[in-house]
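For reference, the structure discussed in these notes is given below.
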């Protein structure tokens with residue numbers, strides 16, 4: 001192999017990254033290659049580098065061009081370049097290391113893995129957003145549930161307070177009603193006891209009235225037994241009783257015609273002072289006005305009383321109308 005060919009091989013293939021089968025953009029113009037280089041072929045290196053045979057119009061290679069293509073900066077740029085869609089691309093920023101052919105595949109795998117990782121990161125971010133939205137919705141629903149629970153608790157507490165107030169109000173009403181019933185029962189029992197007492201007292205009074213009437217009747221019978229004794233007060237009392245009986249018999253029809261006459265202060269009730277005088281025959285003061293009239297009047301009265309106290313008058317006093325004498 002000629003020195004030009006080796007120099008061209010070094011300059012044409014600066015690194016393992018230039019795998020593009022097309023013409024390199026860093027190749028010299030066609031008129032810069034020598035004529036004796038056209039007949040050379042690189043069959044052993046074509047399968048490695050993927051280079052097509054050089055055209056016949058390429059001129060001969062000179063050392064000046066070799067020095068130009070042997071620039072280490074260009075080799076470094078070519079080593080760090082990437083070929084995409086048939087065009088070399090600049091290396092990643094901050095990459096100062098040289099790469100081999102195996103590094104290209106690892107770099108492509110790394111780029112693919114980075115893309116997959118970015119896609120996975122995007123999916124994770126989206127799932128995180130969805131999870132955040134779900135959590136926010138769940139949190140809002142939880143807050144709503146908590147708020148509803150608080151409202152329900154407040155309503156329950158309010159209902160319990162109202163129920164307690166209602167129970168207290170009903171308890172007071174029941175207590176007041178119980179006291180009222182107890183008081184009414186005690187009042188009823190008091191009235192019943194007073195009724196029994198008054199009934200017993202009434203029975204006692206009725207029995208006392210009956211006893212007194214029987215006693216009055218016995219006393220009047222004793223007075224009638226002494227009617228023939230000649231005692232002036234007894235004779236006067238009997239005469240007044242006879243007058244009252246006869247007066248009641250004569251005024252009975254008038255009283256039936258005029259029922260209000262008994263309730264009036266004037267009328268047949270005028271003889272009551274005489275009744276008082278008749279029961280006061282033991283008192284000599286009631287007889288003094290009659291004695292002041294004179295001896296003649298007194299003698300006439302005695303004669304009239306003697307005429308009244310006959311057997312006929314005594315028989316009249318002992319008939320069925322004698323019950324009226326009891327009430328005199």
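Backbone N, Cα and C define each Cβ position, glycine as well.
Residues annotated as compositional bias 'Pro residues' in Swiss-Prot: 22-31.
Here Swiss-Prot flags 262-277 as compositional bias 'Polar residues'.
As annotated by Swiss-Prot, compositional bias 'Basic and acidic residues' applies to 283-305.
The domain 'bZIP' annotation in Swiss-Prot covers 163-226 and rests on sequence analysis. Break the domain 'bZIP' (163-226) down by DSSP state and the numbers are 63 helix, 0 strand, 1 coil.
Annotation source Swiss-Prot lists region 'Disordered' at 1-39 (among others).
Here the region 'Basic motif' (163-202) has a mean pLDDT of 94 out of 100. Under the heading region 'Basic motif', Swiss-Prot lists 163-202, citing sequence analysis as support.
Look at Swiss-Prot and you will find 205-219 tagged as region 'Leucine-zipper'.
The region 'Disordered' feature in Swiss-Prot is assigned to 250-313 (among others).
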